[in-house]
Amino acid sequence: QLQNKILILTICAAGIGGTFQYGYNISIINAPASYIQMFMNTTWLERMGVPLESNVILLLWSFTVSAYPLGGLTGAVVAGPMAIMLGRKMSLLLNNVFVIIAATLSGFSRMAKSFEMIMLSRFFTGVNAGVSMNIQPMYLAESAPKKLRGAVALTSASFTALGLVLGQIVGLRELLGGEESWPFLLASNVVPALIQLTALPWFPESPRYLLIDRGDKESCISALQKLRGTSDLSAELEEMLAEQAAVKGQRAKNPWELFQNPALRWQLASIVVLSSAMQLCGNDSMYFYAAYVFQEAGIPQDKIPYVVIGTGSCELITSVTCNMIIDYAGRRPLLLGGYIFMAGWAIVFMVALSQQTQISWMPYLSMACIFAYILSFGIGPAGVTGVLPTEVFDQMSRPAAYMICGSLLWFNLFLVGTAFPFIVKSLAHFCYIPFLVVCVCTALYVWFFLPETKGKSFLEISEEFRKRNFKTKTRAGFYKGPEEIKTTTL
């Protein structure tokens with residue numbers, strides 16, 4: 001039982017300063033939006049003697065908001081080299097430096113009368129989230145026993161959802177969301193960072209990293225003993241040694257090398273499709289709509305923030321549920337179910353929005369759709385997507401795979417954030433059509449091309465993909481095609 005405790009505490013120590021920060025920092029920026037815009041205006045007025053035009057304030061605000069995914073993209077790119085050179089645990093610890101810089105900048109921004117400090121702070125916060133979104137699932141999945149691997153890696157999604165809800169709660173006007181206290185709200189992300197810095201050093205590094213990347217068998221065994229206790233480790237160690245033998249003589253790969261390698265074709269296609277779909281499925285845009293729909297449903301303006309907390313709680317409840325069932329239900333059914341349900345709810349949501357003013361009970365249906373959509377996202381796509389790169393790539397390709405995954409995730413977050421207001425403008429009530437298409441296409445991809453990885457060792461999964469990658473070769477083996485055109489002269 002003690003060992004289970006150590007595994008649980010490792011998960012908590014990694015999560016609190018890891019993906020928790022991603023969710024927390026996404027939601028704390030919403031509450032003080034109007035105050036920060038006012039601050040931008042008064043600061044400019046003091047500097048230049050003229051107030052800012054409303055469209056310029058909006059432009060500055062959108063820069064502030066988009067600094068976060070831009071930082072996330074930077075973090076996702078540096079996460080790969082960090083994981084290889086420093087190790088998984090050390091990277092997570094070092095990653096807290098970015099948050100401490102960010103909290104210092106935003107905490108003193110009002111005192112320094114500088115809104116540029118807020119923008120810079122959001123960038124550093126993004127870098128922290130980008131690194132942790134990549135390294136935390138990798139660290140946990142490599143440390144977990146095979147039968148619990150899905151559930152352990154999936155806790156990353158639960159911590160994101162927990163961060164989201166806590167950010168919404170702390171951002172309430174009664175706590176730190178008031179006009180006087182917003183710099184403290186933006187700087188409050190330093191607390192989880194300090195908790196991680198004191199807790200994580202007590203727990204072991206990823207045993208797989210120690211053995212396969214570092215070739216340090218003694219440290220690997222000692223890390224395994226800490227995590228598993230006295231139970232027989234020979235089978236697990238044998239599996240890791242087989243994995244080590246399979247990648248012997250190889251070095252850690254770069255992202256572009258994955259694209260050139262025919263043996264990784266389907267693995268790469270799978271994570272590209274699923275990582276893109278996670279942001280392009282419209283879940284985050286539901287939060288954008290939430291306040292408007294709740295207002296239409298007749299909920300008083302000052303009560304809306306409390307109802308919005310309900311939407312965040314939905315995601316938290318489902319990701320915890322998903323945690324409990326992933327190693328029984330498997331990865332495929334959860335992904336399939338999630339995207340199919342989301343496609344269904346998107347249709348109902350668009351119909352409800354278009355009839356909002358005609359039929360009195362339609363706003364309540366729209367409200368139900370928001371909750372149902374977020375629940376469907378939380379039960380599958382939210383968590384399973386982060387687990388897959390660990391399972392379908394070997395030790396040498398894994399950091400590079402997470403770099404590709406993370407870069408796509410952040411780029412698409414930026415894309416949706418920028419494009420969504422325009423989509424709403426042009427498509428009005430039918431703004432969910434692009435998201436509906438993404439959900440349907442992703443469900444079809446999962447159904448036809450994604451194998452189940454539940455309960456299999458990393459080598460078994462690699463073998464399954466190897467068959468898939470080279471199956472097409474034998475069929476198309478008759479036509480070799482022109483080898484090389486030596487010259488273009490006739």
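Including glycine, each Cβ sits where the backbone N, Cα and C put it.
Taken verbatim from TrEMBL:
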| type | residues | note |
| --- | --- | --- |
| DOMAIN | 11-454 | domain 'Major facilitator superfamily (MFS) profile' |
| TRANSMEM | 7-36 | transmembrane segment |
| TRANSMEM | 56-80 | transmembrane segment |
| TRANSMEM | 92-112 | transmembrane segment |
| TRANSMEM | 118-139 | transmembrane segment |
| TRANSMEM | 151-170 | transmembrane segment |
| TRANSMEM | 182-203 | transmembrane segment |
| TRANSMEM | 334-353 | transmembrane segment |
| TRANSMEM | 365-388 | transmembrane segment |
| TRANSMEM | 400-424 | transmembrane segment |
| TRANSMEM | 430-450 | transmembrane segment |
Ask   = With pairs 6 or more apart in sequence, are the transmembrane segment (430-450) and the transmembrane segment (334-353) linked by at least 3 Cβ pairs under 8 Å?
value = yes
Message = Looking at the domain 'Major facilitator superfamily (MFS) profile' (11-454) alone, can you tell me the average pLDDT?
response = 89
Request  = May I ask for the residues of the chain that lie six or more residues beyond the transmembrane segment (56-80) and have a Cβ under 8 Å from a Cβ within it?
outcome  = 25-26, 29, 33, 36-37, 40-41, 91, 98, 115, 118-120, 122-135, 255, 399-400, 402-403, 405-407, 409-411, 413-414, 417-418
Inquiry  = With contact taken as 3 or more Cβ pairs under 8 angstroms (pairs 6 or more apart in sequence), are the transmembrane segment (400-424) and the transmembrane segment (118-139) in contact?
reply    = yes
Message = Would you say the transmembrane segment (182-203) and the transmembrane segment (334-353) are in contact under the rule of three or more C-beta pairs closer than 8 Å, pairs 6 or more apart in sequence?
response = no
